[in-house]
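Asks: Okay, so Swiss-Prot annotates it like this:
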ACT_SITE  H469  active site, proton acceptor
BINDING   Y585, S587, T598  (R)-carnitine binding site
REGION    759-798  region 'Required for interaction with GRIA1'
TOPO_DOM  76-103  topological domain 'Lumenal'
TRANSMEM  53-75  transmembrane segment
TRANSMEM  104-126  transmembrane segment
Amino acid sequence: MAEAHQASSLLSSLSSDGAEVELSSPVWQEIYLCALRSWKRHLWRVWNDFLAGVVPATPLSWLFLFSTIQLACLLQLDPSLGLMEKIKELLPDWGGQHHQLQGFLSAAVFASCLWGALIFTLHVALRLLLSHHGWLLEPHGAMSSPTKTWLALVRIFSGRHPRLFSFQRALPRQPVPSAQETVRKYLESVRPVLGDDAFDRATALANDFLRLHAPRLQLYLQLKSWCTSNYVSDWWEEFVYLRSRGSLINSTYYMMDFLYVTPTPLQAARAGNAVHTLLLYRHLLNRQEISPTLLMGMRPLCSAQYERMFNTTRIPGVEKDHLRHLQDSRHVAVFHRGRFFRVGTHSPNGLLSPRALEQQFQDILDDPSPACPLEEHLAALTAAPRSMWAQVRESVKTHAATALEAVEGAAFFVSLDSEPAGLTREDPAASLDAYAHALLAGRGHDRWFDKSFTLIVFSNGKLGLSVEHSWADCPVSGHLWEFTLATECFQLGYATDGHCKGHPDPTLPQPQRLQWDLPEQIQPSISLALRGAKTLSGNIDCHVFPFSHFGKSFIKCCHVSSDSFIQLVLQLAHFRDRGQFCLTYESAMTRLFLEGRTETVRSCTREACQFVRAMDNKETDQHCLALFRVAVDKHQALLKAAMSGQGIDRHLFALYIMSRLLHMQSPFLTQVQSQQWLLSTSQVPVQQTHLIDVHNYPDYVSSGGGFGPAHDHGYGISYIFMGENAITFHISSKKSSTETDSHRLGQHIENALLDVASLFRVGQHFKRQFRGENSDYRYNFLSCKTVDPNTPTSSTNL
């Protein structure tokens, strides 16, 4: 009966890519509407690119310049010094009656040329200003006079209201560091983790590399940097992500909802508001009305990663994947209880309202129809090894091209999960761990991992985001997520009964059920992929805990960098957990440069190891604190060097790829690329949009996100500063490893936080007050901070 109902609804209305079109509607009218939408999008794109390209100037500045030239001509002055007369000679001779028109056109041409020359000069000046990185080396909060002058000039040349891509033409290219300096830094970074003999061998290989291979490789790499936008980012995307043949579960990352608040317990309502907000963000993105991100409020960052946020799918290949990006998509693909649906997001009048989208999602939740044969676990193929999925996809494309296109051509993927998630009072620790695990891997078959991101809506109204990593890094998707949470909760809000605001639309067609007419021959492949996905998912040990005894405000009182503070805490905790030091990966962004992505900060330094050993030997607080400050200064120097394009690993990676392309065998570069990161760390950015006042609404903050470990015997750790007085850690490891335990490391991190804080006079009470307490104290503060999830919130009652 359900299939017959879907068939009848399909006969009554067909869904184009956006508007619902009745069969009786004239075909030429639909062609006209589609063409009109396409031309509107094209014109808007051209206009927005023009506005972004002329920043810091505006079209009004051209009009002012043209008017000034016309006024000068009326006063018998020639501001062009004879150039306008030359332009008149090049114009057609229309007779004496058109002499004024010739003067008008020559003035317009001269004004345009002068305007373009001024804009070009401003862009060159801004690029020179943005190439300066001396401000990074200054102590935080102590800005010198030259830096203040530089900042004032940057603000002047940046214009008043820059658009998202306004700075792309002015951003400098990422520099190629010196090979000698990179090798020196590399040897310095591995000294703490290598024995004497191993270090001597590494030094010998490095010297041979500098003598035999480095000059030629460096020359070719320098040539590449002159010919491309970024000398390493394209190779990083291709060889690290798109050529990786492993499961995407290993490289995705996730983002969580508000930790203490659930705006509505209604799954369909939360999905409606969230999808509407995401599409509002896409609308702003297409019109470039999102403000560019400014580091420390003054230095613009590259916005190139925003371009492939929506309408993007990673298409598997036998040897290499590729990213397919569409200019527009007017539907989302939805998964619920093993079934796929296509939900149109637009009507002829524009974007559907949140209430209309809620109605669509509620129809899906109420649909009792079973999954088609092979449909329920089909998405497990996207979690399979990429070469296997590429081969099976050809068969899927042959037999179910329409359904596959509906999923891959969607704006993004939505998963309506049948289970609740989020923090619970009954078992807060286990509930957070399960929440993280559900976002990272799901059940192996309920996420389409190829999509740029998947919006996950749980049965109790909790949200989450699962992000494919190749198209962008965490700060970019984090900006999207902050906007989504703030807008859907504070600006859109919910009615008192928990539904989206507005009224249902009885004329709205039902969602389109996708039909997968798949051959039985792919059943073994689906079963194999499902077993592999469940094995990978079941092997991930996730642990999330909020640390509430102190946060960023306390660390500020200690006059140290909050990120460096946490990195040294992690070194101390990991040493207590494993009894040894290891290569540590901390992600730093290189978006100060055009198309920059990330660089590695090797946080396990000689100075950090000296501090950790002093703490382990229980030396005096004064001595440990002195070593701590030295280690913090070293970490800050490494971080700033990485951000300014003087890091280690991306340069060595590019040299390695160049050596492979030139068929050169370098034992040194091979050894470097075979190194294992047993500790992979990252700080989750927060308050990029400034849409939520965390001081007045401290509960309305995301608890961040996390990722899987980079090694079978390693840890993946992310951390986020929640407001001023709490830190949330996300720890992951493999259950199959006998050397790691996420919960054990979490306890070491808590103890290390208290121990390091007690070194400072303002934090000495921490060690006395909390040492030896049961770890359940982490969640004791929830009783006074958790908001009842059954109480809907909206912008009005906030």
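Using the three backbone atoms N, Cα and C, a Cβ is placed for every residue, glycine included.
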Asks: Please work out the number of neighbouring Cβ atoms within 10 Å of the Cβ of S587 ((R)-carnitine binding site), leaving out its own Cβ.
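Replies: S587 ((R)-carnitine binding site): 19 neighbouring Cβ atoms within 10 Å.
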Asks: Taking the Cα atoms as reference points, how far is T598 ((R)-carnitine binding site) from H469 (active site, proton acceptor) in Å?
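Replies: With distance taken Cα to Cα, H469 (active site, proton acceptor) is 12 Å from T598 ((R)-carnitine binding site).
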Asks: Among all protein chains shown, how many Cβ atoms are found within 10 Å of the Cβ of H469 (active site, proton acceptor), not counting that one?
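Replies: A count of 20.
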Asks: Neighbours of the (R)-carnitine site Y585, S587, T598: Cβ within 8 Å of the Cβ centroid, same chain, sequence order.
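Replies: Everything else in range on the chain: E586, A588, E599, T600, V601, S680, S682.
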Asks: Using the alpha carbons only, what distance in Å do you get between the residue listed as 'active site, proton acceptor' and S587 ((R)-carnitine binding site) once rounded?
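Replies: Counting only the Cα atoms, the answer is 14 Å.
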Asks: Tell me the coarse DSSP state (helix, strand, coil) of S587 ((R)-carnitine binding site).
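Replies: Note: S587 ((R)-carnitine binding site) is in a strand by DSSP.
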Asks: Where does the residue listed as 'active site, proton acceptor' sit by DSSP, helix, strand or coil?
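Replies: Note: the residue listed as 'active site, proton acceptor' is coil by DSSP, not helix or strand.
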Asks: Taking only the residues the record lists as binding (R)-carnitine, namely Y585, S587, T598, what is the largest Cα to Cα distance between any two of them, in Å to the nearest whole number?
Replies: 11
Asks: As a test of reading the model: what is the averaged pLDDT for the topological domain 'Lumenal' (76-103)?
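Replies: Residues in the topological domain 'Lumenal' (76-103) carry a mean pLDDT of 70 in this prediction.
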